[in-house]
Amino acid sequence: MTNKPDPHSWKNYLALCKPRVVALIIFTAMVGMFLAVPGMPPPDLLIYATLGIGLAAASAAAINHFIDRKADAEMARTKYRPLPMGELSAWHVLTFAGSIGLIAMLILIFLVNTLTAFLTFLSLIGYAIVYTVYLKKMTPQNIVIGGAAGAAPPLLGWTAITGSVHPHALLLFLIIFVWTPPHFWALAIAKREEYAKVDIPMLPVTHGVAFTRLQILLYTILLLISTLLPYLTGMSNLIYLVSAVLLGLGFIYYAVQMMRKKDNKTAMRTFAYSIIYLMLIFAALLIDHYFPVYLS
Ligand code: HEM
Ligand SMILES: CC(C)=CCC/C(C)=C/CC/C(C)=C/COP(=O)(O)OP(=O)(O)O
């Protein structure tokens, strides 16, 4: 977001949480919770798990703001964030991130289960430290490996309700894991000059735009194939299958457009589509779970 935040306001703290990203993370986690059982998951568990996973993701996002504060100040997309703007001190941000992270862990340990608490903690460290401190500055595969943290929420939602890791939950993980590279690289192509300026080795900077476009196309094809698995394993039904194929073809269409029209606008449209794609495919999983339609 590039709007200038109001000084000394709660909006600064909200901005630290990357609220739109975390909202989608929470949605995918909730879909994991609903898909984990045939009927309705227990409402108290649903609320505690949503709160715990959401606060952990927000804490990870705030730590990312703290660690990246210098690079963020150099890039047009990020320079209006609360730390580069000087609206919050580093101490404010760390205290905030630490507090919500601790609350998240206490909720998950005492009101959900220790497996979910442990896996959520791994995801938090995976994004806030492993990705932000090391991978992001080291290798153009940063977001492929770091994507595991962002892919975890539906798995976390599932373990919150059942206490165990089910292969179907791993399919949900796989969908977000394969979705992340085309999601991010579309944006990275449009913002490649900014990343080059701050020496962050994103794929379009290190391997060029043509190679990145090809990778996006290959990942969208792999994504369409991966999204067939919930149907092929009997986890989901026709509504999901039709949605996954249409949405997947849509993503491939955008990736092909990027090969044809080499402007930043097409790249940003692909990035915007990736977000709608993830929202809709998880919505389809949810609708299909409660209103299954079978081939007779
Ligand atoms: C390593 C993994 C990921 C990377 C590197 C990444 C990168 C990014 C970047 C750089 C932005 C632009 C942010 C901005 O300008 O404010 C963004 C936006 C967004 N991302 Fe991702 N992302 C990742 C994973 C995810 C995941 C797992 C989700 C949700 C499940 C997600 C959902 C979104 C949404 C909803 C936006 C739009 C935010 C807005 O409009 O403010 N991303 N992503
Ligand atoms: C459950 C749990 C703890 C999950 C944590 C996952 C999480 C918060 C993922 C966020 C993904 C994201 C926005 C990455 C961009 O970071 P960036 O630093 O590359 O982007 P930026 O330049 O916009 O800051």
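Going from the start of the chain as shown, residues are counted 1 onward.
For all residues, glycine too, the Cβ spot is worked out from N, Cα and C.
Residues annotated as transmembrane segment in TrEMBL: 21-39, 45-67, 88-111, 117-135, 142-161, 167-190, 211-232, 238-256, 268-287.
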Contact ranking winner - 45-67, 117-135, 142-161, 238-256 against the transmembrane segment (167-190), Cβ under 8 Å: 142-161
Any contact, the transmembrane segment (45-67) to the transmembrane segment (142-161), with at least 3 Cβ pairs under 8 A: yes
The transmembrane segment (142-161) in contact with the transmembrane segment (117-135), cutoff 8 A, at least 3 CB pairs, sep 6+: yes
Beyond the flanks of the transmembrane segment (21-39) by 6 or more, those residues with Cβ under 8 Å of it: 45-46, 49-50, 53-54, 57-58, 61, 150, 153-158, 160-162, 166, 168-169, 172, 176, 235, 275, 278-279, 282-283, 285-286, 289-290
